[in-house]
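Taking it in order: structure first as structure tokens, then the write-up.
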Amino acid sequence: MFRTAVRNLLAHKARLLMTMLAVLLGVAFVAGTLVFTDTVGNAYKQQSLTSLNHVSVQAEPPFDQKIGEPGTVGKDTLRSLRRLPGVASVTGIIEGFTAVAGKDGDPIGVKHSTMGGNYFPQDDGKDNRHPLTAGRAPSGPDEVLMDTSTADQGGYRLGDTVRLAVDGPVLHKKLVGLVRTDDTAASGATLVLFDDATAQKLFLDPGQYGGVTLEADRGTSEERLAAETRDLLPKDFDVSTGTQLREQERSDAADSATGLSQVLTVFAAIALFVGIFVIGNTFTMLVTQRSREMALMRAVGADRRQVTRSVLIEAALLGLCAGAAGFVLGIGVAVGIRQLFGATGSGFPDGPLIVSPRTVLVSFLVGVVVTMLAAYVPARRAAAVPPVAAMSAIHTPPPVRSLRRRNAIGVALLAIGVLGVLYTVSRGEEGRTTVFYPAALLLIGIIVMTPMLSGPAISLAGPLLRRFGVPGTLAPRNARRNPRRTASTASALMIGLSLVTGLTVVAVSTTASLHRGAENSVRADFEISAKNFDHLPASAHASLEKSAAVTSSSPQRETTVRTGDTEVDLTGVDPRTIGGLLDPSFVSGSLADLSAGGGKNLLIDTRTADLEGWSAGQRIPVVYENGDRDTLRIGGIYHDDEFLPSTMMPVATLQPHLKEIKDTSVLVRTKAGDGDDVRRSLERTLDRNPLVQVRNVDDLAEAAGGEAVTLLLNVLYALLAMAVVIAVLGVVNTLAMSVHERTREIGMLRAVGLQPEQAKLMIRLESLLISLFGAVLGIGAGVFLGWAAGRFVTDSIRDYEMVIPWGRIAVALVGAALVGVLAGLWPARRAARLNVLTALKAD
């Protein structure tokens, strides 16, 4: 039976090629996912080993501190740490945000990952964290270092003048050296280093460091050194050993790789699931075409199990070939995935591709198991054909089983899926994690019902196709002839398009809702803010007020206060102008209440009110950052909104209690609206500071999620493309094998006058019908699932409303039609080239 299986496989190489491609692409996705996640995990591991190689102990202030200034370490403390027994070296750490402009004046780097710090030379003049690759260390306030990636992004060379900003005006520094860094913050971002004195002036106070690392002599206990270090530092400092830091980085890297692997595996599973339809269709048709051959095998002594085993051996051999080819292609897929995520600014560290034995084993197992699983039912059917019945006809297809039971099961699954989706949606946030199960049942129900739906749906197209004459009459009849085959082919396309459509509905609705929310809540023409989500230069508001282009403005000046046992962020605004810049929707009170109550009225959003248990009219005791105490009154409550601050109070009341001006943003109205010319004018007013961004309402909507949604949608499109490609291969494969199966029939049609061009048109129209049928089912299911998923977004976006993207749906339908036409080209060409006499004599 093994030799028979091998001979059959070699005899039908062309027919099985498309099937192998379907399995191959699915395996390639699985292999690519494994190679990519292993590569990323290894890169993070190597990076942590390199970046923490000289760290035995690290101490820094708590990450989540909000009230008061973070603790620092003075030079005297560093000297005391150097005198501890077993200490080889001590490094003072200074870190902060530093925005950099390229030589063309445009900002470079990922907004929140543009970092600055100090170059801390040891006794040998080198900083182990940042090995020099060119030039020298900075030796004064006008000199800086850059990592090589930052210099390349900005187009800088040694000796060039660099434009940058920390938290104030634009600074001009000379680039005197380049460093290599393995820090995760510098991957895909920017890094600028100053000498100690300059970094302290820019980020802290003279003689102070934000943290410290110690390198121990060989044989020194890290735990003992950490305990002695803790005694010399402020009590609130977090002290960790190098081993603990490395383990934490490995754990974080493993978690990131695992989460990413799970997401990619889902898409690989979708591609493989779609491939199962293609494989099942292929083996069903092969078994039908070889019914006489299998009957002869039964007649000469082969039992049912041997016939079944023969088909499964063919499937296993096909799976082995697909697994091997898929594994090789998967390495290329891994490179593509890394480039895809690199284009999104994910900032994965570089590293060599890691191909583990596990990846090889999984690739072969997936190829074999998936192929055998899909071929099992056709193999069982092959063994069930009686020998006499099979030998008594040229082709004896298995008896057509009633669809009644299948239709009943499909209706039940669809009903359960729809009701389950509606129920989980009605549960709100609690249903978010469980909605996937009824959604899967819904799709399975549609797949099971597809044979029942195919007849009526394809019949609807009949009148439209009659204008094509005889081919237009025969094409829908051929598509309806075998409902199971048509359904299986269309279902593969339906799955991919349902997911694509659902994602598109959510993405378009989210983006439109964000833009509508921004337009409803923000009356300002521009918001000027810092790119690092921190505060603007102290002079920004005053500069904008003096601009001839600005007609009104208000700062959004933030601080954190303590009330009872909790901390709350307060935002100071100008009561005189804020009404023309923001438009909150009030539950109680109004913006006019900011000017009432002697400046002690506080407006809060509904989310803050719910979290703190506050109500209108309530008086709240607060302690400001400088220690002053005050009592504020809740003057009004407005709906929470991603474009509005969570609290508002008069900036004149807030300012006396602040240690310095910290404006998170400035809102402005201008004489000429929100055009690009006005934007450039405001940027010039702020000296084209790379720290500052000037955004109009559309920009705010994109920043609130529209840009991220679009980027995520493009990534998901790319990941789903594999499933759609496999579905297209399924259409080509089914039609090609259908042409072979109907060789004699096509020969008869040719004999009675059907022209080659008409034969081509008949096959193309059949392909078009199947593709459009799958597309319509997928789009319909996708719109419903998109509506359901969107219901969970309403908790995050108050103005969320579903938008059906008719334009994109039309593009999807046109694309499906084009796919149908293209998929039918090769089978149609084969049908037109059949020799009539040879076809009439075919078995």
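Including glycine, each Cβ sits where the backbone N, Cα and C put it.
The domain 'MacB-like periplasmic core' annotation in TrEMBL covers 17-231, 486-682. Positions annotated as region 'Disordered' by TrEMBL: 116-144, 544-572. Annotation comment: TrEMBL describes 266-386, 718-835 as domain 'ABC3 transporter permease C-terminal'. Residues annotated as transmembrane segment in TrEMBL: 266-288, 311-337, 357-377, 408-425, 437-465, 486-508, 715-736, 768-789, 809-828. Here TrEMBL flags 549-563 as compositional bias 'Polar residues'.
For the transmembrane segment (715-736), the residues of the chain that approach it from at least six positions outside its boundaries are 15, 18-19, 21-22, 25-26, 28-29, 264, 267-268, 270-271, 273-275, 277-278, 281-282, 285, 340-341, 344, 485, 488-489, 492-493, 495-497, 499-500, 503, 763, 766-767, 770-771, 774, 819-820, 822-824, 826-828, 830, judged by C-beta separation under 8 angstroms. Among residues of the same chain six or more beyond the transmembrane segment (437-465), those with a C-beta under 8 A of the stretch's C-beta atoms are 403, 406-407, 409-421, 423-424, 472-473, 475-476, 479-480, 483-484, 486-488, 490-491, 494-495, 498, 765, 769, 772-773, 776-777, 781, 784-785, 788. Looking at which of 311-337, 357-377, 408-425 has the most CB pairs under 8 Å to the transmembrane segment (266-288), the answer is the stretch 357-377. Across 311-337, 357-377, 768-789, 809-828, the stretch most heavily in contact with the transmembrane segment (408-425), judged by Cβ pairs under 8 Å, is 768-789.
For the region 'Disordered' (116-144), the residues of the chain that approach it from at least six positions outside its boundaries are 51, 53-54, 89, 91-98, 158, 162, 164, 166, 172-181, 183, 191-203, 209, 215, judged by C-beta separation under 8 angstroms.
Residue counts for the region 'Disordered' (116-144) by DSSP state, with H, G and I taken as helix and E and B as strand, are 0 helix, 9 strand, 20 coil. In terms of DSSP secondary structure, the domain 'ABC3 transporter permease C-terminal' (266-386) contains 101 helix, 0 strand, 20 coil. Across the domain 'MacB-like periplasmic core' (17-231), the prediction's mean pLDDT works out to 85.
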